[in-house]
Amino acid sequence: MQFSQPWVLWLLILLPIGLYWLTANERFVRRVQRAFSNQASTTNQRRAGVRIITAILALLTLIIALSGPHFWAMLKDDPRRHLKLAIGIDVSKSMLAEDVINKEISSANSTEIVNRLNSASLLALRLFEELDGEQAGLFFFARNGIEVVAPTRDQGFLRYMVKHTRLGELTESGSDLKMAMTTGAGLLGDHINKTAGAIVLISDGEDTENSPDELITQAEEMNRNRVPVYTVGVGQAEKVYIPIRRPGTTRIEGFYTDPAGHPLRTRLQASNLRSISTASGGAYFSLGDTEPRILARELLSLIPESTELATDVPRSRRLRDWTPFLVVVGLVLYIANRLL
């Protein structure tokens, strides 16, 4: 047993003082009763004894409670400490489209472009800020997947990588959501029987390499491996052009075109993201005009409920705080004393 405030135990010296005072008080009351009734009541004597005992026990438990007692016990670990997350940000060219509304980016940095990519980056940042014991890794994907940070509880490093990586310079043509799922699963590693794993893909849902059936097949494989994929859609359903901006400037110099010279148009492919999340056992979210922090909290609260370990959450020997229990016991004893 350990105490967080051991100096409070000096108050135990009040116990003999309190016992003496209570005993003297009960004797005085008994003498007064005898003076008026000329007889001793056995019932009153018993009640007096119980009052003394409950008062001393109440004082004892409250003093110990104030000292912050912690007892060693075999407790179940927090399930979130056995959860690994792989957060993936889509860095394909279509993510440069500016069909999103994000007041947080606009107010925080007037020089930062409000586009899909920066909105996805901000959501990833908020996810890392809201972690509470989970391990999380980071990867980027377009036509290929790039593992950036292996799963870790170092939130500071994760936030640093998101803030200081120039995602706009990493964008490439094409997008492969099947590769994104594979990269996320590889980042989680062999988590079976050890941790629960989940993948979060922040994307506009466009896929230039696979058919919808191929995406569903891969998602079903993830489900069999107990790795749900949560998807967050970024962008609007209406098609928009993809602007070209020189780094460090806000002026549009043109628009991306296809090999034939026609301007490329892009839109949110929510159906791809929904089918992936449904087939894998995850859930689909739309960033829309939702505040990133609110969405991050909602997402992180849902993931532990739908992911599971292959075995029960392990137990470990840890200190358990008994202060609340002792406070309740002390209050019950005090109330009992007052009712006698």
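Cβ atoms are placed via backbone N, Cα and C, with glycine included.
The transmembrane segment annotation in TrEMBL covers 7-24, 52-75. Feature annotation from TrEMBL assigns domain 'VWFA' to 84-303.
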Close approaches to the transmembrane segment (7-24) from elsewhere in its chain (Cβ under 8 angstroms; 6 or more beyond its ends): 51-52, 55-56, 59-60, 63-64, 66-68
Arithmetic mean of per-residue pLDDT over the domain 'VWFA' (84-303): 88
